[in-house]
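Annotated in TrEMBL:
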type: DOMAIN; residues: 76-322; note: domain 'ABC transporter'
type: TRANSMEM; residues: 434-455; note: transmembrane segment
type: TRANSMEM; residues: 467-490; note: transmembrane segment
type: TRANSMEM; residues: 510-533; note: transmembrane segment
type: TRANSMEM; residues: 545-568; note: transmembrane segment
type: TRANSMEM; residues: 574-594; note: transmembrane segment
type: TRANSMEM; residues: 661-680; note: transmembrane segment
Amino acid sequence: MKLSDQRTPKTACCLKSPSTASMEHRLQETTLTTTSGTDEVMTVPPQQQMNNNNKLHAVNHQKIQHRFPKKLAVDIEFTDIYYRTNVWSLQHIKPEKKEILHGVSGEFRSGELTAIMGPSGAGKSTLVNILAGYKIRGVDGTVKVNGRDRSKDPRENFSRLSCYIMQDDALRPALTVLEAMTLVAHLRLGYLTSHNQKKKQIFDLLDMLGLVEHAQTRTQSLSGGQKKRLSIALELITNPPVLFLDEPTTGLDSSSCSQCVSLLKLLAQQGRTVVCTIHQPSALLFEMFDHLYAVADGNCIYQGSIKGLIPFFKDMGLTCPAYHNPADYLIEVAIGEYDADVTVLVAEAAKSVGERRKLPKIITGANEEVIETISETTADCRQPPLQLASLASSEDSSIHEICEQSPVSASLFAQFSLLYYRNLMVLCRNYKHFMIRIGAHLVIGLVFGFLYRGVGSKADAVFANYVYLYGTTLFLVYTGTMAVTVSFPLEMNTLKKEYFNNWYSLVPCFLAVILVEIPIQILGSFIYIAVSYAYTEQPWEEYRILLFLMVCVTVTLTAQAAGFFIGVIAPLKIAVFLSPTIAVLLSTFGFNIFHHDIPSYFLWMYHISYFRAAFHSLVVSMYGQNRTTLPCEQLYCHYKYPEKFLYEMDIRDVDISDNTIYVSTVGLLLHVCTLLAIWFKLIRR
């Protein structure tokens, strides 16, 4: 399978910047229909249903709707959401409970672009994390999806109909845009969807998001705005009805911000529920949002339309200065400027929750906007509210029914194959790291071979060979451990995003990572052994060579498993320090101290040391197994008979097969523990 084996269609970029966008045709009259598809209609003048910001989108809505058919509407309602977390300090032995959210409530509807705003530390990201299902521990309250309590359904159901695009894009820098999209299409659409269908959907998305001409560009070379659009495109491959975004405009220039929010506006107009946190947008961006949810110090101080914000403040005795950005004024009020009484705002905002839930929603057929009727206190009073005789409730669509429309993901084996191929591709493109590892084994093999040349066949150099065998074990343990200690820590953010958004299961991903690293370590070990074994003139007996290879490969792979495990359970800086420290500690047992000299309270470390088991096995493979007398070039050689050396080293009774099985078992257990540690980190949210 070749991820990049696609042809770029000759299509123009559909998404234009707001400053250059123009409407392709003028709507003369728009028909409003209910979500149930009944025959009751009412006509509304176009100027009443479209504000100036909606005209910024130069996109053929009907064309895109045909490409990505609208799913059943999903409305999210939350009541009395509290979030508490533990805060540790040196002054207290037990952690203190800190409440971040204080019983906030609200409703986010399909067809609306909702902005969650507030000053830093107000609880914006915490709220969107809870609603997306990303944060679970310490949460109290009720979240309903289409009127049904979300907690009554498996968590996987809601994650199948929603996606969460985090602030950090967390993309694979070595993959091109097309390769990333193709990989996700194979993972999430499975093989029940034909190759041509996937190809068409990929290019439709790239066309819609203005990324067609960058299809062959690696993600590391994309601009900030392009990376954000690619992050959205990767999640839209399954056409989810709900999108959550955390600070999507952070780090973008004004043009990229406008393009990003325009895209989100378009996605909402297609009937999706789009919720994003945003810090301080410009006045132009602020007007693009349909619904505003403002928080201050963990409380909701306003929820309603953008147009209703200034009248709401005016009723509270707060007047926004002329030519002042309402978004900036909102933040200033939230932090207590203008003598604003935030408690009064919280009380008034709480009253509007019930009023909003009573208001019906209506959908325009021309641009698929969701327009809600607005009361006199929160509406543009110059226009009468729109009413419909009957409206279909989205509560009729359960989570299970919506999930049935979702595509079937790839099988576990297919996931492993795709992820393994991706990791191989990344390895080939980042070949410098691979070449350095292989080169290091070759160079150290030459150095060791030169320093200890000929010691394997001489009776007067047994101790020198003993040191060579120890150095070999230590080198293979170090290279196995240190080469992979940072593998999972560097990928944890990307793994969290992809796993949470149901790209794949954890086991195929884990196997794809370790099965790429294992052959590299084996190859490096073979190169080191081939060079150093020959230079040191170890015995050229086939079974001894095989035993030597087997023990060396086993110990280096076990050390690699230890590196994976330490990298997962410890912070990155601590893991880099901890890995060699543990390796040195384990290496002290069995080399320069005998079993009978070890204090009783340290004997357990002697027995669990896989380094000791492997090192003793190497020594026995060279001097045991009925090896004949060693040639002696001196007048007297104390270790002319190899058995005497094994006896004095207290390793005469070492069983190579038992030790190898033990070392292998330790490696397997470490891999299992690593998998469990990763899983625990992913679910401990």
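Positions of Cβ are set from backbone N, Cα and C atoms, glycine also.
Below 8 A, the CB atoms of the transmembrane segment (661-680) and the transmembrane segment (434-455) form no more than two pairs separated by six or more positions in the chain, fewer than 3 in all.
Panel annotation: around the transmembrane segment (574-594), residues 470, 473-474, 477-478, 481-482, 485-486, 489, 559, 562-563, 566-567, 605-606, 609-613, 615-616, 649-651 of the same chain, lying at least six beyond its termini, place a Cβ under 8 Å from a Cβ of the stretch.
Among residues of the same chain six or more beyond the transmembrane segment (510-533), those with a C-beta under 8 A of the stretch's C-beta atoms are 416, 419-420, 422-424, 427, 434, 437-438, 440-442, 444-446, 448-449, 452, 456, 468, 472, 475-476, 479-480, 483-484, 487-488, 491, 545, 548-549, 552-553, 556-557, 560-561, 564, 671, 674-675, 678.
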